[in-house]
Amino acid sequence: MTAPWRAVKRFPIAGMLAGLLCVAACPVARAADNSVVEQRAVTFNHAQTNYMLHCGGCHGTLGLSPPHSVPLLRGQAGWLVCDPQGRAYVDGLPNVTRASLSDADLADVLNFVIFTLGASPGSAHAAPFTAREVSAMRAAPESTVPLHLRRQQAVERIIKVCGAPKSLLDYKPM
Amino acid sequence: MKRIRRVLCGLFGALLPCTALAAPPPILETEESNTAVMPKPNPHWLYVGTRTGGVTIIDGDTAKIVGTVNASPAAGFALAPQGKEYYVSETIWTRMNRGTRQDLLSVYDGHTLNLIQDIELPGRLIASGRTPYFSTSADGLRGYVYNMQPASSIITIDLAKRNVLGITEIPACGLIYPYGKTGVATLCADGALADVAIDASGHGRITDRIPFFDAQQDPVFEESPVDRAGGQALFITFNGMVHPVRLGAPSTLEKAWSLQQAAGLSPATTSPEQTTWRPGGRRPFAFHPGHKRLYALMHEGAPWGQKRSGTELWVLDTATHQLVNRFTLPTSGYAVGVSEDNAPLLFVLSEDGWLWVMDPETGKILRSLRDVGRTTLLATDRS
Amino acid sequence: MAQKFDGRLFEGWSEKLTRRLASGTSRRGVLSRVGLALAAAPAFPLLPIDRSRAHAATTPRLTEFQKNAQVTDDTRCNYWRYCAIDGSLCSCCGGGVHSCPPGTQPSLTSWVGTCYNPADKRSYLIAYRDCCGTSSCRQCHCDNTDGALPTYRPQANNEIIWCFGTSSMAYHCSTAALVGVAE
């Protein structure tokens, strides 16, 4: 059972509404139905688009991922910037620093992930990322400490220092 | 013989009286079923993995199958020098498609093709087998399995002791190109080649990075050919730019050249309007380092035809960057291989299961075999 | 697409089946809980499309796939949304272009590409999401490669397993869900 259907089970009225929606959107697909959907497609801004193209596959287009395999971003990523050590971990993520995006575009994606998608009490008082910080991140020599060890240390610290949820430890890739 | 009999008596003693085994058989049959063993391997052997699983070993001198190594679909395959052992990296589940996942490196005896040992792996990428998902060092002592879960790492295996040495993280990079005794290179998402230093314990890290291609617009093929013994790599882009790299620590980039220019044409671009000859296929390239020959499956088309089969096979001189020959293929080629000996044979496999054994000098079809299956992997051995 | 009707159909299926098999049985429960907890926090507000900004004014240079793409039949490989799909089409399997067939589960991980719709001349973000959990459907096998990149660019690779985190691991078919329009 996937998450939305679990939700439907919890909220029967929502379930009935979903059923009504299904009459329009869920029958055997015909291209005509598809074009109706296309006309009311969601529009993404630059940061959201870049999130989709560069991060959304593994981390989920909604920021929901299998947390054991892929760190969960939604409602959780923001905790990482509650503390300088956590932020340094974000700054040193190779998949972030080497993304084929300009410094300004990458700063926008980071801000979207940390402060919107991953917004949490931990990100409430943190400063946004700037193109200047991204440029410095990219110029810094890469840490010789293995990435997963770095994450574990950063997460253990923010759990202790900021009171971040223990679910941050769900990610156990190796 | 006596010992066998004793063992059998021990095993079946409860069911059969031992005298039954000792006595001459009461019924004789004209032919007894037995199992053949592999002939001595020769450099013209070709190893073909197909989508249904299994790795078929074909002797190019006869175009006949000499044996099959068991392998799940989406397995990786490598061979020890002189075909002493064959290695299959694969993933199976205790209940076929569910249950406990098991990632294995299975070691098969090259003479009998019997399983010697399963080495348990801490993971591996499950995707239809490509050469840089699983490979060995040039001397065959180390195996490397690419893992993506989806974090990216290299699992190093001691093939002599048959155990896993360790895991090396390669964040933002993927694939494995081993060379020499211990060298490993990988490719990165930002269009760089990275040198990976892996120590005797199997642990290591990326040491050097050489950016040289546009991973978004004109990436290099995963199946770019590498001479593991000599450390010469030819990373070739979708457009057909050949980037020779001398692998080492650090690796060095040599002058790039264009497949199309070698044939007197303009270099290919990413422009959707430009229809020209482009490389493509499942495994579009083969390289004979001794003869400095690159073989490329080519088709006429627009960009993003990187998996399209080749209607022609181009022969290129990697020293002079000149086209030597263009062969028209009887059926479009999906994968190409060349034996690495001094009297090489050329192998072309098509999507509809034909194997063409060709003379690399003239392009003449020497032999053929049909119903080989849709190729995923192709390997040859220098021994 | 004659190949899907001959004997090799099974080969393609079994390859897909195994390469889509991924561990993750035990993760489902966690994920469902997380999904529920976060369902109330929309990070992608539903914005209506600003018609004045539609890109219809200039005709872009089209790829070979885009030139041949059609918008009427989502059971064929040249349907516009399938510009980089690799696998069986769920539209041929009792599902739809974004619906998984009965008994199967959409994968949470996927890869996201961009496809051009010739009818309204706009590019859309498409999530190639697999349906997992039941023996393969085997119908309508396609392998399109517009913008598909090698494994070292996993976010644009159509050969990798994108079944991480589903309860069963059998590959059934592939969908092309419309994620949205890039601004």
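Even glycines carry a Cβ here, placed using N, Cα and C.
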Selected from C:C77, C:C83, C:C131: TrEMBL disulphide partner of C:C100: C:C131
Co-listed substrate-binding residue [TrEMBL; alongside C:N158, C:E159, C:I160] among C:D74, C:D86, C:D120: C:D86
Member of C:C93, C:C115, C:C132 annotated by TrEMBL as disulfide partner of C:C83: C:C115
Disulfide-bonded cysteine for C:C132 as listed in TrEMBL, from C:C93, C:C140, C:C142, C:C163: C:C163
Subset of C:W111, C:C137, C:N158, C:E159, C:C173 (recorded positions) with C-beta under 8 Å from chain A: C:W111
Nearest of the recorded positions (C:C92, C:C137, C:N158, C:E159, C:C173) to C:C115 (disulfide bond), judged by Cα-Cα distance: C:N158
Assigned conformation of C:C92 (disulfide bond) - DSSP reduced to three states: helix
Composition by DSSP (helix, strand, coil) of residues within the domain 'Methylamine/Aralkylamine dehydrogenase light chain C-terminal' (C:71-180): 9 helix, 38 strand, 63 coil
Proximal residue to C:D130 (active site, proton acceptor) among disulfide-bonded residues C:C90, C:C140, C:C142, C:C173 (C-alpha distance): C:C173
C:I160 (substrate binding site) and C:C90 (disulfide bond), Cα-Cα, nearest whole angstrom: 18
Cβ under 8 Å to chain B, applied to recorded positions C:C77, C:C83, C:C92, C:C100, C:D130, C:C131: none
Spatial neighbours of C:N158 (substrate binding site) among the recorded positions C:C83, C:C93, C:C100, C:W111, C:C132, C:C173 [C-alpha, 10 Å]: C:W111
